[in-house]
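*Asks:* Just dropping this structure here.
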Amino acid sequence: MGLARPVVFGNWKMHGLRADSLALAGSLVERAVRPTGTLGVFPPATVLRDVARRLEGSRILAGAQDCHPEASGAFTGSISASMVKDAGGTAVLVGHSERRHGLGEDDAVIRRKVLAAQGEGLLVVLCVGETEAEWQAGEREARLRRQIHEGLAETVDAALLVLAYEPVWAIGTGRTPSLEDIAGTHAFLRRELVGRLPAAQDVPLLYGGSVKPGNAADIMALPDVDGALVGGASLDAAGFWSIYQAGGGA
Ligand SMILES: O=C[C@H](O)COP(=O)(O)O
């Protein structure tokens, strides 16, 4: 059985001290009494434990925004998958564009992170997406194909996988691809993913990049769009909840 749809995840990025984060988590718990879909938040690592505790008893999952591929060692500033789990996290984002492009992570390290996280039983949200230059040069599909084939080892557990398509140029910009474009790209991603992992037919495909309450319904109504990975708009509980409802969640 896969995750209940819609799958709507909020990436809080580097936002939120403890009090704000707990208030946001609490506000979501009040709304999500018995959610029909899958809701999750990815707070900063510093508050992951507190947020996970606040979400206990709800069906909202808490995850980390990254993990290191090694189990432990001299890796200053990093956290391992087992540390995420120890802090109460059950999921982790891997390969977000702000780490690929801002911190130079390549598909080889991302592949190792995916395996490390799944080795601890964490749900992996693998983020893929093309840059604006790649899009304009007609290289989108080639880039996405590489990210899927190189980022996912053949031994990846499809039951612990979510794929998030986030065009780099749509993140935090207010711009999104056309609905037709998103639908076409998600169909392509489904084919590539199943070609890579035959068991991935039911892996949720999320769209991310400037998802807001105003565009969420149209985007999540598209075939092969199973939910959304939301950045900025997930920092407001009412807005995040309305995105979830726009995707059919109750
Ligand atoms: O992980 C989330 C994405 O980077 C989307 O961010 P955004 O909704 O602020 O564009």
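Glycine too: its Cβ is placed from the backbone N, Cα and C atoms.
What TrEMBL shows for this protein is this:
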- His96: active site, electrophile (ACT_SITE)
- Glu166: active site, proton acceptor (ACT_SITE)
- Asn11, Trp12, Lys13, Gly172, Ser210, Gly231, Gly232: substrate binding site (BINDING)
*Asks:* Around the Cβ of Asn11 (substrate binding site), how many other Cβ atoms lie within 10 Å? Please give the count over every shown protein chain.
*Replies:* 26
*Asks:* Using the residues the record lists for substrate (Asn11, Trp12, Lys13, Gly172, Ser210, Gly231, Gly232), what whole-number Å value is the largest Cα to Cα distance?
*Replies:* 14
*Asks:* By Cβ count within 10 Å, point out the most packed of the binding-site residues listed: Gly172, Gly231, Gly232.
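*Replies:* Of the binding-site residues Gly172, Gly231, Gly232, the highest Cβ count within 10 Å belongs to Gly231.
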*Asks:* Tell me which residues of the chain lie with their Cβ under 8 angstroms from that of Glu166 (active site, proton acceptor), as long as they are six or more apart in sequence?
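*Replies:* Those within reach of Glu166 (active site, proton acceptor), by Cβ under 8 Å and sequence separation of 6 or more, are His96, Ser97, Cys127, Val128, Gly129, Tyr207, Gly208, Gly209, Leu229.
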*Asks:* Counting only residues 6+ apart in the same chain, whose Cβ is under 8 Å from the Cβ of Trp12 (substrate binding site)?
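*Replies:* Listed in sequence order, they are Ser21, Leu24, Val41, Phe42, Pro43, Pro44, Gln65, Ser234, Leu235.
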*Asks:* Below 8 Å Cβ to Cβ and six or more residues apart, same chain only. Which residues does that give for Lys13 (substrate binding site)?
*Replies:* Pro44, Gln65, Glu98, Gly231
*Asks:* Would you identify the secondary structure of Gly232 (substrate binding site) according to DSSP, in three states?
*Replies:* helix
*Asks:* Relative to the Cβ position of His96 (active site, electrophile), how many further Cβ atoms are located within 10 Å?
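*Replies:* Here the count is 28.
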*Asks:* Around Ser210 (substrate binding site), which residues of its chain at least 6 apart sit with Cβ under 8 Å of its Cβ?
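*Replies:* In sequence order, Ala170, Ile171, Gly172, Thr173, Gly174, Arg175, Thr176 meet the Cβ cut-off.
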*Asks:* Could you check which of the binding-site residues Trp12, Lys13, Ser210 have their CB within less than 6 A of ligand 1?
*Replies:* Ser210
